[in-house]
Amino acid sequence: MISKIVRYASAHKWLSVFVICGILLEVAYTMVSPLSLKYMIDEAFTPKNAALFVLILTIMLASGLISVGAGIGGDYSLSRLSGHIVERIRSGLFGQMQKQAPEFFAGYRSGDMITRFTSDISAMERLISFSFPYTLKEGIGGVVGLALLFQLQWKLTLAMIGGTLLVFIGPRLLQGRAERFNRQVKEEQERFANTIDEHLKGYKTIRGLALQAVMKQRAHAHIRSLFTLGLRQSLTNSLLERLPVTGLLGLNGIMLGYGGYLIFQDELSIGSFVAFLTLFMSFGTSVSNLAMVLPLVIEAKVSYSRIDEVMRHRPSVEEPEQPVALPPVSREIRYEGVSFGYTDDAAALSDIELNIPAGSLTAFVGPSGSGKSTALELLLRFYDPKRGRITLDGVDLRDVGEAELRGQMSVVFQDTFLFNDTIRHNLLAGADTATEADMIRAAREAAIHETILKWKNGYDTVITGQGGSLSGGQRQRLSIARALIRRPSILLLDEATSALDPATEADINELITGMKGQRTIVMVTHRLSSAQQANPIVVFKDGQVVEAGSHEELLGRDGLYREMWDKQNGFTLSGDGFHAKIDGKRLSRLPFLQGIDMEALESVSSLFASEAYVSGQTIVREGDEGDKLYIIVRGTVAITRGGEKVATLQDGDYFGEIALLRNIPRTATVTAVEPTTVLSLRRSGFTELTNQYPQLRETVESTLLSRLK
Ligand SMILES: Nc1ncnc2c1ncn2[C@@H]1O[C@H](COP(=O)(O)OP(=O)(O)OP(=O)(O)O)[C@@H](O)[C@H]1O
């Protein structure tokens, strides 16, 4: 920690020199003034030498003035120097954080990082602007004072050193505990910050599901723990400060007794004794001041190690040493034998061979977890392949600098992240060379220009709550405009429309399709209706590409694409996405309804009711009574068992079918992870219908009960 601070300080040589000179002059004055007392008493007062008295007094006054001037100059230089160093640590930490790959952000929660930027950096700031110079000043003062004390009376000084050792033993013994408590307080602060962060981000879910009491309980537990840990920390810290001061009191007693004895033995003059006492007092003050600084140094040491942990984190994706230029892609993007895994033992992608022609609209589709988003994130160079390479017109992505790459590619995610700023600043942020005309052109392309003009302040309208004041479609159009403003040759979209209502999704899909031919577009979607216009459509399964071709080609192949298409079709959905219907033909494709008459199936279809869930809402809770079958018309749900996620289901998937026959408690919890519309069928209605169509009951029983066994 110290060597790093010294290195930072050495970048500001003159300021460092001023700080050190200021400290040295102040120390010199503190040391010399007790000595002048000795000469004043022994050489001027005792022999009544008025001329020497005036001379010594003048020297004392002059050096006092110099010391004050040096102190003020030193303080000014120190403020500037510590400001520069803290500035460097702050921007270094920020830069380091920005360089990291997504797995870094998955490892740190926002509270962890915010605490490093706030309280940890403040602890470093206190160390640099106060503890460090203070230690230097008191340390030099102590050493010089000791030398002078030896020179005045070595026996008395030796006795004093023996006593001083006692002063240090207590703090030394307590230091380990103090470090531990400091670390625990920091960690607890981090956890509390994370809870507050969750509360801020998840306030809708918390209110919607009446989770306030749970959150309050959690916050209260942190507050209690902060109280207990804080108490331990401050008790240990105050003990650390108090012990040396108490030790010094005893030491004072010894000094007075032994010093008096030496005077009676004529081994010490009165002037020397007064000088010794004054010097000893300032030496003692230096020692106790050093001990007082110790808790601050310990705190800074803990904070430094936490900052250093981030600073040492090597980004998994590194900048090339000699980046190559990347002209707009004009031929193709190629995946050549690309394999990748987030961990060493699980492969997310295996041996992907893919050719994406420049100017094409390509779609990556496939079931949840099949690797399509990973394939896109490799193209964004959020990660590097473990084997193989991705090339743009033959240039390996690893040879291209980050800025160059981002100049060529823009991305739109499902979660639109907008800054709390004006529309203008949101659109132009980072696009340094973009003009007003570019902004309007991009907004027009994203079909949002007219809407913006209708707002009272037009492009100067301030977006609040990270875009919460806008509709989902408006947010997504703004994100698309923001991506287009840089005129990227490659536009990437990761489930950019899947959380929107059907009408808005169709509008934005039309917009994307309209851009075909102007640039290379790669979109990831689990909804095949969004991918229909793309060519090639690349189908992923278990980390591999299993099919690729146009919509018509893939439908004709009877493979996974056909299977997914059949699964996702057969529903009608209102434009707002709240009301759905399923037709008999679609029902006939459910494994437990196969072979049933169409008339019976049409009757079953009329019994289904629509249910719409917002993101985060629970559809079915583990252990609850099971009385309904659900079919997901649109959306994504997470299946968790005992708090652990076991699967993700999407459009066309179903769950809870056993409930049609028996009231068996639900074996898992199902939660919507994006706005989700389901169709539900109650057991009571279904049972009534089976009286009319006995075949229905027999078929369902034979398929589902065999599974139960
Ligand atoms: N950050 C991560 N850390 C560890 N494993 C991950 C991470 N992201 C994805 N995976 C795993 O990698 C595999 C591929 O995930 P990926 O997100 O690419 O699939 P996907 O087809 O896009 O599915 P979805 O649409 O559900 O996101 C899955 O097994 C997933 O669990």
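Note: Cβ is positioned from N, Cα and C throughout, glycine not excepted.
Features as listed in TrEMBL:
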DOMAIN    17-299  domain 'ABC transmembrane type-1'
DOMAIN    333-567  domain 'ABC transporter'
DOMAIN    592-707  domain 'Cyclic nucleotide-binding'
TRANSMEM  12-32  transmembrane segment
TRANSMEM  52-72  transmembrane segment
TRANSMEM  156-174  transmembrane segment
TRANSMEM  243-264  transmembrane segment
TRANSMEM  270-298  transmembrane segment
Residues from the same chain, set at least six apart from the ends of the transmembrane segment (270-298), whose C-beta lies under 8 A from its own: 30-31, 33-35, 37-43, 46, 123, 126-127, 130-131, 134-135, 138-139, 141-142, 145-146, 148-149, 152-153, 156, 160, 164, 167-168, 171, 175, 178-179, 182, 237, 240-241, 243-245, 248, 251-252, 255-256, 259, 262-263
DSSP helix/strand/coil residue counts for the domain 'Cyclic nucleotide-binding' (592-707): 40 helix, 41 strand, 35 coil
Beyond the flanks of the transmembrane segment (52-72) by 6 or more, those residues with Cβ under 8 Å of it: 21-22, 25-26, 28-30, 32-33, 36, 39-40, 43-45
Averaged pLDDT score, the domain 'Cyclic nucleotide-binding' (592-707): 89
